[in-house]
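Participant: The following feature annotations were taken from Swiss-Prot:
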COILED    15-47  coiled coil
COILED    177-199  coiled coil
COMPBIAS  170-183  compositional bias 'Polar residues'
REGION    180-196  region 'Interaction with VPS4A, MITD1 and STAMBP'
REGION    180-199  region 'Interaction with VTA1'
């Protein structure tokens, strides 16, 4: 196993660890919510408020861990592509060397700064890999197509028997279906234009 592969393993491990921390925070949030109910039942509003603050703090922490886990995971996928293509630059290798201790610390600020460095390295790599990504499915990009996210959210809401529009901020209701429809319309228009060009 090369050094770069070891670092790649560490990145993937860190993403899982961050994910585990998010789940731990979720569990803590649920425990705090149970304590809120008990305190309210006893008529102790002040204690309930403290547990509510704790629950919100745990929820926010879980979101932060999840967000960072996804970011580290995306960078790991980009490193994997770079390793596969043999496009690991010296500056990228330098950033990778400094990461092991940072990832072990589970300090979100330090990890975020490290991910910033990585993403900067990948901006230059992106230009080189664009042709390859055009021929492959772009599963390694850092961003996810919004319409796919919206469709999955709608699908999950339907499965759970929930109305997704209730969760959307005002003014955005119905945007899920509309964005999917407009994307499909764009794709159809492009296909039609290509067919006309061929004739």
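Backbone N, Cα and C atoms are what each Cβ position is placed from, and that goes for glycine too.
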Participant: Are there residues at least 6 beyond the ends of the coiled coil (15-47) whose Cβ is under 8 Å from a Cβ of it, and what are they?
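Facilitator: The answer is 54-55, 58-59, 61-63, 65-66, 68-70, 72-73, 76, 103, 106, 111.
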Participant: So what's the average pLDDT for the region 'Interaction with VPS4A, MITD1 and STAMBP' (180-196)?
Facilitator: 64
